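Reviewing the structure listed below.
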Amino acid sequence: MESQQLSQHSHISHGSACASVTSKEVHTNQDPLDVSASKTEECEKASTKANSQQTTTPASSAVPENPHHASPQPASVPPPQNGPYPQQCMMTQNQANPSGWSFYGHPSMIPYTPYQMSPMYFPPGPQSQFPQYPSSVGTPLSTPSPESGNTFTDSSSADSDMTSTKKYVRPPPMLTSPNDFPNWVKTYIKFLQNSNLGGIIPTVNGKPVRQITDDELTFLYNTFQIFAPSQFLPTWVKDILSVDYTDIMKILSKSIEKMQSDTQEANDIVTLANLQYNGSTPADAFETKVTNIIDRLNNNGIHINNKVACQLIMRGLSGEYKFLRYTRHRHLNMTVAELFLDIHAIYEEQQGSRNSKPNYRRNLSDEKNDSRSYTNTTKPKVIARNPQKTNNSKSKTARAHNVSTSNNSPSTDNDSISKSTTEPIQLNNKHDLHLGQELTESTVNHTNHSDDELPGHLLLDSGASRTLIRSAHHIHSASSNPDINVVDAQKRNIPINAIGDLQFHFQDNTKTSIKVLHTPNIAYDLLSLNELAAVDITACFTKNVLERSDGTVLAPIVQYGDFYWVSKRYLLPSNISVPTINNVHTSESTRKYPYPFIHRMLAHANAQTIRYSLKNNTITYFNESDVDWSSAIDYQCPDCLIGKSTKHRHIKGSRLKYQNSYEPFQYLHTDIFGPVHNLPKSAPSYFISFTDETTKFRWVYPLHDRREDSILDVFTTILAFIKNQFQASVLVIQMDRGSEYTNRTLHKFLEKNGITPCYTTTADSRAHGVAERLNRTLLDDCRTQLQCSGLPNHLWFSAIEFSTIVRNSLASPKSKKSARQHAGLAGLDISTLLPFGQPVIVNDHNPNSKIHPRGIPGYALHPSRNSYGYIIYLPSLKKTVDTTNYVILQGKESRLDQFNYDALTFDEDLNRLTASYQSFIASNEIQESNDLNIESDHDFQSDIELHPEQPRNVLSKAVSPTDSTPPSTHTEDSKRVSKTNIRAPREVDPNISESNILPSKKRSSTPQISNIESTGSGGMHKLNVPLLAPMSQSNTHESSHASKSKDFRHSDSYSENETNHTNVPISSTGGTNNKTVPQISDQETEKRIIHRSPSIDASPPENNSSHNIVPIKTPTTVSEQNTEESIIADLPLPDLPPESPTEFPDPFKELPPINSHQTNSSLGGIGDSNAYTTINSKKRSLEDNETEIKVSRDTWNTKNMRSLEPPRSKKRIHLIAAVKAVKSIKPIRTTLRYDEAITYNKDIKEKEKYIEAYHKEVNQLLKMKTWDTDEYYDRKEIDPKRVINSMFIFNKKRDGTHKARFVARGDIQHPDTYDTGMQSNTVHHYALMTSLSLALDNNYYITQLDISSAYLYADIKEELYIRPPPHLGMNDKLIRLKKSHYGLKQSGANWYETIKSYLIKQCGMEEVRGWSCVFKNSQVTICLFVDDMILFSKDLNANKKIITTLKKQYDTKIINLGESDNEIQYDILGLEIKYQRGKYMKLGMENSLTEKIPKLNVPLNPKGRKLSAPGQPGLYIDQDELEIDEDEYKEKVHEMQKLIGLASYVGYKFRFDLLYYINTLAQHILFPSRQVLDMTYELIQFMWDTRDKQLIWHKNKPTEPDNKLVAISDASYGNQPYYKSQIGNIFLLNGKVIGGKSTKASLTCTSTTEAEIHAISESVPLLNNLSYLIQELNKKPIIKGLLTDSRSTISIIKSTNEEKFRNRFFGTKAMRLRDEVSGNNLYVYYIETKKNIADVMTKPLPIKTFKLLTNKWIH
């Protein structure tokens, strides 16, 4: 029956939408990559032929191609694989049955009847249900029809009963393009409406009016398929049909939604283009309307940028808003938000002006009687405002020259502004409508604007000699009634009220200040171009900008009317209360305290709280009327804004009501804050606070940790305090559920004392609001106090304590009382209080000598709890003291530079406030030796030491005499010190101990040294201070560091007569004065330097006890000495033979050789920098110099040293910067191309292995779904930028396996196809070496893994195409990538993000901050290098667990599990490692070098004597003209790149002893002379001869409790081209060399000390980073040390002398090193030059010296 039915209706099959697809589903397992080109061409030809047959078939039998229909006839052509839909989505007999249509019988086809599709059929019945249309169906869409339109009628209006009918209905046009689909749908909907099917069309809500019948659904489906061929359907329509090929209703519904959206978009665009605004409606409503339109358009894909939006908005502004059109010139990139700020400001100004019209508007009669010849003028000496405006400017200028007390007569309208209004525009916004917050000025300062004035702007005046302004709110440092006479152009006087500074903050973030005069008697604010020119600012009227002489644009100029203006938004408003200008002669006795002063005095409390406190007498000594409150409302404290910045406030009323029924001190709230990071061990990291519910009295206690015993001690203390002081018993303590409160110890304590613990519910912070708000308030105050005072962060708890004292004394607005009053205590006497951080001078009652200064500069912290004194911080002594012997330092405000506090001098206010208290102190002073009470428990700084269990060092300190003589202790007799800002040093030694603050009476006697550095013509010599004597200045450091168990210094004292010295005269270069210094043996000098703290400035203390002082050896110093000796003992330093008595002592090493002939470019540099090279010039023996290399050495003859003159110009000299990393050198190509490995490879066996590797790679790519295998793209149809060339590379690995890799040519990838900001991270070599070293010391298992095809696990976001592999023979086709293919720019970054996410989320790892690709958890450390993983763990099962997790996602291979206890060999990132757990580790590259070096074509000498050193001292690179042809030059450069590339790779891996030679030769890669090549050959020869050398590590002693990280530094002064110095550093962890660096100094040093400072400063950042890494990977404490052989450098670093350095660059480096040493527990050691292994990094050494320095760590 089915076949008969098909044949019966075969004559109308042309009208169906059936596709010619086989009745069977085609199944194939054939890989698309294996399809040959011939088969593909046959398939395409067959498909083309079939399509042409269908095209030529008559209309009556034509069947459009549609893959969504099953054809009742078998197809004669196999389906194309590259169709618009995937093959598996094409309709088959088993897939064609639509849901709900089973009653039609056959499941393989959609039934249809003749009446549904025949154009001549009329259905039976009285009326025709479906329309008929002519046989010429399918007119193109471009053909207009009378019934087709661009709009459609809502289907709801159609007749649902379908009673009306049309005899003929014009069919819709044929769809010919996907872009025409929206218009076609409109005609199709019109066609359905005309066909009486309007009721089935979805309405605006997506639902039809009536239910569609089956016949109607069939008609709808078939007509849609006829007139909308599948190849022209949009993608979203195809997506719908791929799910349900009959769901035409969903397509219509989506189309209607899109048309509605398009209509809304069109309406929005029209509305936006026709905006109008004149202020008649609120600005908020206008902004909401505009922003909603813009947001809708952006969401719909129509992007409206800021420039277009601002233009559309400004075009519709009128009235007083019209002038905003011209603000576009001042902002090239104005945003919509900024424009609406302007509109809001004007709108608010309009509302304010309307509410106060009687105050500003003038009567109409006044306007008529107004005269322009008023006596007061506005323009001082103005001849022409803008020289460019010569025409039509006379009347405007004349108008500007006169003052009017009211508005001028209206003028005619022009293009630049709307018609003048009767109301002036008042602009009070301090940023010219842009800076947000308004400054409300008093009525006196308001001035009516002229009708031709641009509000909020300054008029540029080229003829005015002074700048005048009407408003006083932009005047800084104002002084009233200045004696200044100003006249206008008509010689008439202009009264001036004040003079001050006008400060600008331009758009290049620079600040400039000019003088300004204040007068309200002008019509414009005038900005003098002459004064701007004085500060290097000119006005360019061609570009309409203010700019500097170098062309830097500062601000735009706006042309308005006939004048030019600059916006006031660049003016900085004054942050202080402007003094009353007209009241100058105010009596001193009646002058009130300014509010900013009181605000800062009372811990930055708000004005309301302070006023309540003064009203209720909780603050005594003065009344509320004594404070000037005029500026309290508008005053903004910058420190409060920074320190108290919050997100939102806590929710109030969260506590239970019953808590109010408790008596005082019965109900407490407590909470713990912390930790505070990056603090010294002596400073607390936490504090615990308590608040009484009834009185709101607060207590705070410092904590170092949150242990149970620490918390219990605090609870015991506060309960005893409340019981004894207030006779109250605590009943309830409310706290959160932290472990510090819920532990069993505290719970038993509370239970024993009868106290009920009240815990908050989980995650209910609101129930703990009292304690939370207190902590927030105290922290706000703390940040503000530290910000205001500039004190270091380790004093943070002192700020908390100060704030607590003040907060307990301030009245609550609710209770009208302070916490002290509620508790029954007296109010706080403010005369006893100093601002936090107030500079003071503390009296030293026991100075070093009678001639030493008696004052020590300090900073007041807070009143003492235990005495009438004050807690004061002394930076020079690193102490806090409790004393009454201090005097306030006048004129010193410790402020930050970014705020203008220069004008905030409250000296007189502070003197008046503390006068009575100072007199009380003066009359009751007790001259006793214990005035400085250091044993009080005032705060944590005096009570807590680094190691309290160790005996305290009572050695005293000397006060540095560098400070100026302090003022007298009597305030009334002291003179005002010059007002320069003094800030507390932020970076000082924060370690505070309980040792004595002032020096003891026993002193060590040492001579005074004043001359530190000689700066003669040579700049060579530095007087070695530590040689002469141990500095007394070291006393300054000794007591503060005595408590450190890890300190590198000792406090031993030596007498000047302890040994017999011989005076040796030393003359400084270029000078005539001779210094007589004692000659000291090297051994004694070394001992003194290591155990002393040398300094630049030393003070000679008195010695009254004896001439011979025995060193004081306390247990602390002995412990320090043991620590020092243990660190030095761990280092691989050479063992020196006994020195000859003829050798000179070490001080002379600092003397560089004085030689009149010296080259500027050398491999060996100046040679040995020791003084004996110059003083006693000895030629080394032949065996020290010979290097037996049997290749050409014609150019290696030793040349006479040339003079120190700049090199002559050369025809070809190419010098590059020193090599910073291995990747900067062009690597050697070790891979083969496809033709080399397969096509032309004559080695059959090797070829077969490469072919096998080739197929293995292709199969792996297919397995990983690297590209889309369903479709191939024509090369001509793809954007060339997205096409990436591909290639196969082949190589043979060291294990003998042959590998093939199919890669993309990322080197020619277009920048638009990848994100340039993405980074491909790999593990840093220092991180790997650190991990290996820690593994050896901790007996870790080392497991090596490899992830196969790592990059292919990462998806690719971009649309990229590559050429198929060559075996497919599809050269003109492309395939689209789906994975991050090898070679792409973004592949590495994509893989890194993928594996990083997996390790963190699935493996429980976390990445170490600052060290990419280093992951850790509590048991395992992972170092990741692309697809290689190195796992370190003490438990091998932990490694296995990670491996199991990785195998779930990635193809993970275990290269080496590392479970054996015997020696295990690894090949990790090129390093050949031999590791025996718990014993040793050896790192080398013997196998790799044996394979690679012979391939370099270097003339090796395998039979001759081996080289003993990589280079010869004294040989210099001759930089004469290099004249070779271009081809030979390129060839030699290429050869140098290969040689230095390999040498760099080896050197930075483990051969750190070669880095100097590598770095020097790398600078000459582009200067390949014969001599440079020979030296390079010699370096490669030495590498070949020593290829079996290894970096040797031995396990650290198990008794060592700490990790020891040491950097050894050295520098060779002036031995590089252009007088640059070579610097080098070696880094050691627990005595194992883990890295090295040799480079040329970036700055030109003028002395050896500068070179050494440069070298040390280069090592400090890496030293700190390595320290952080070690602490993250291993939780043991760490000691950081610096070793150098320059005593003068150590003296400078440890000195406290802050005098100006000779060179600001090195002065900055020296000061930074001081901060590192004093603040970060970084210790500096002295090391003998002969033991300095970093010497190999800076100069070529003789063979014996080279071997001596390297044989202990590499052999």
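Placed from the backbone N, Cα and C atoms, the Cβ positions cover glycine too.
For the Mg(2+) 2 site, Swiss-Prot records Asp1427, Asp1428, and the single candidate of Asp1346, Asp1355, Asp1518 listed with them is Asp1346. Looking at 177-234, 235-292, 583-640, the range tied to region 'Integrase-type zinc finger-like' in Swiss-Prot is 583-640. Just one of Glu1578, Glu1652, Glu1658, Glu1716 is listed by Swiss-Prot for the same Mg(2+) 3 site as Asp1610, Asp1685, and that one is Glu1652. Within 10 Å of its Cβ, the residue among the binding-site residues Asp1346, Asp1427, Asp1428 with the fewest other Cβ atoms is Asp1346. Listed in chain order, the residues near the Mg(2+) 2 site other than Asp1346, Asp1427, Asp1428 are Leu1345, Ile1347, Ala1350, Phe1425, Val1426, Met1429, Lys1453, Ile1455, each with its Cβ within 8 Å of the site Cβ centroid.
Secondary structure of the region 'Integrase-type zinc finger-like' (583-640) per DSSP (helix as H, G, I; strand as E, B; remaining residues coil): 22 helix, 6 strand, 30 coil.
Helix, strand and coil residue tallies for the domain 'RNase H Ty1/copia-type' (1610-1752), in that order: 69 helix, 38 strand, 36 coil [DSSP]. DSSP assigns Asp1346 (Mg(2+) 2 binding site) to a strand. Taken residue by residue with DSSP, Asp1427 (Mg(2+) 2 binding site) is part of neither helix nor strand, so it is coil.
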